[in-house]
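Structure, as structure tokens:
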């Protein structure tokens, strides 16, 4: 009778649990206590189930504590409840106190650790489980693989894959999807994930979504599109997460193959239409993804239309719009959206303010950037970094350093980004003392061997011509340096005219086989080849460029063109230039300059006219290049016509360099009076360089009278310059007026004016050396 009564009570408790009738359950609880049935573990487990289902933790705890005998079910039930409510501390306490555990116990503990963000601890618990002789279930592996995904531990994930194969769980859709997600996030979707997908008998929307996301992360554009197409053909339901993943491949990203440009914004628009057709028009996450795609593809008009039609927006939506307009140099729109955001009741977060700051500085609106920064109550280090980066990128280096000092007064500790920005500013200003102070700060911190910091320090000392210090810093950290530091050191050698050392260091880097040269490495070392006029080395590096896949990089293309031009291989330069698919203004300028440098002025002018007819807009450097070519080839009238067209047709105001070219052109042609008139009529008549050019022409044509007049003007403009004395002395010497030349040398000594020694390069076989001559 007693046993039958217990079964009846247990049945009632199950019914009350299913219906969540806690009050009725408490009545039964009271009856059990009065009848002395608390020792019945089975009944107590039913009470525990009731209170857990009703979410009454206090009574569940009371029942659990008062149980005289607890079995594995009791422990698991209470552990499951503590895990469900997220009470990690008590869950660990219950788990550690369990006299015996089963797979459910381990699964609960691993699951709660993963959910609460303790993935590493979850993996440790899993290892303990295996050591205790328990075989993982599908729930175990799913949780452990989720932990591997979050900590990006693909190696441990592969071990779990092996366990799944041995236990036959790899074909289970639950485990299979977890494997796909892990491989996708760890970057192994192509190597291993696709095989897992193919082994699943009936992949579902989660399977397809994971594979598409992984392929998108690895920039496998075509494969991702094909997988999405297969998903649609199989009739698998497409959800908003899948659409977000496929959308991500239509955004331009570094390292993405050319197919991303083919699909690009067009694919984004197609997915947008599909999302509307499938009824996801109100999905906030998907709409934010769409906004981001339009913004990244520089279609802010389209993004603004989507934003206006969104039924719901959040801070992320506003931030995407603000960043997008900033990338397009439209700070006015960024500020407008910030104002609208506040008016709509949204509180801008730090990301918002930093985004607006970036937009303002990117657009050159420094004053608005200052106001936005001043409106931040307590700027964080990230906000200061955005401000300092803005000043530095806009070439306001002094203000960057000044604001850095203000930041220090706020008792904020600069991070590696802060110090990198300030080191860059010090390098640009050649502010050695400031660089040394930052160096001291770096030595006292744990970031002394951070690659960005090391690169910045090398740049500072190189710009300040302290190459011995740069080399010490480089050698001290050589085993921990990345490509940026090597590039900085190579660039330092090039900047200090140590081009041979630049070539040697590049070879050393290439021979290590640890780091591969990038486009910056090649552009820098090719520049050194240009200055050394070393065609042999230049061709070797050209071969490496092709082998490394950087031949279509715009900087490398320009450097190669320049190298061939400087080495006198003008036809090779033109052949390479013609093969360039996307010519920008810089490479046009380089080729025009190359023709001029090699005395082929007619071809330089012809290429200039071809540039104009192609629709490429010339800049100031274009005109310097073509006017120089006119000067060296005696194309006086053509040069004057091109100078006249600068302002009249192209809207470019001639600067000093342009007038120098024309004065030189007129002077070379013997039209010295015209050259003098032009020099007097320019806004730069107080520039000594302009008159030095004219004085040099006087020597060539033997015009002593004009030479004296110009030399006197030069001496007034720059009394300590040796140019006037040397050029006038050379004029006297060319006309055999030795007494006048000697008198001028005496005057030069009397006034303590010294001539700067020249430098020349000497080639010994394949090696290069430099020497000085006076």
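Every residue number used here counts from 1 along the chain in the order it is shown.
Cβ atoms here come from the backbone N, Cα and C positions, even for glycine.
Annotated repeat 'PPR 3' per Swiss-Prot: 71-101, in sequence order.
Positions annotated as repeat 'PPR 4' by Swiss-Prot: 102-136. Residue counts for the repeat 'PPR 4' (102-136) under DSSP, helix first, then strand, then coil, are 26 helix, 0 strand, 9 coil.
The repeat 'PPR 5' annotation in Swiss-Prot covers 137-171. For the repeat 'PPR 5' (137-171), the predicted model reports an average pLDDT of 91.
Swiss-Prot lists 204-238 with the feature repeat 'PPR 7'.
Taken from Swiss-Prot, the feature repeat 'PPR 8' covers 239-270.
Summarising the annotation, Swiss-Prot assigns repeat 'PPR 11' to 349-379.
Proximity of distant same-chain residues to the repeat 'PPR 12' (380-414), defined by a Cβ-Cβ separation under 8 Å and at least 6 residues beyond the stretch ends, is recorded for 350, 353-354, 357-358, 360-362, 364, 366, 369, 373, 421-422, 424-426, 428-429, 431, 434, 441. Residues annotated as repeat 'PPR 12' in Swiss-Prot: 380-414.
Long-range contacts of the repeat 'PPR 13' (415-449) within the same chain, counting only residues at least 6 positions beyond its ends with a Cβ under 8 Å from a Cβ of the stretch, are 381, 384-385, 388-389, 391-392, 395, 397-398, 400-401, 404, 407, 455-457, 459-464, 466, 477, 480. The repeat 'PPR 13' feature in Swiss-Prot is assigned to 415-449.
Taken from Swiss-Prot, the feature repeat 'PPR 14' covers 450-480.
Here the repeat 'PPR 15' (482-516) is broken down by DSSP into helix, strand and coil counts: 27 helix, 0 strand, 8 coil. Swiss-Prot lists 482-516 with the feature repeat 'PPR 15'.
As a summary of secondary structure, the repeat 'PPR 17' (553-583) carries 23 helix, 0 strand, 8 coil according to DSSP. As annotated by Swiss-Prot, repeat 'PPR 17' applies to 553-583.
The residues of the repeat 'PPR 19' (619-654), classed with DSSP into helix (H, G, I), strand (E, B) and coil, number 29 helix, 0 strand, 7 coil. The annotation repeat 'PPR 19' is assigned in Swiss-Prot to 619-654.
Sequence annotations record features per position, and here Swiss-Prot assigns region 'Type E motif' to 690-765.
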Count the residues of the repeat 'PPR 13' (415-449) that DSSP assigns to helix (H, G, I), to strand (E, B) and to coil, and report the three numbers in that order. 26 helix, 0 strand, 9 coil
Per DSSP, what is the residue count of the repeat 'PPR 5' (137-171) in each of helix, strand and coil? 28 helix, 0 strand, 7 coil
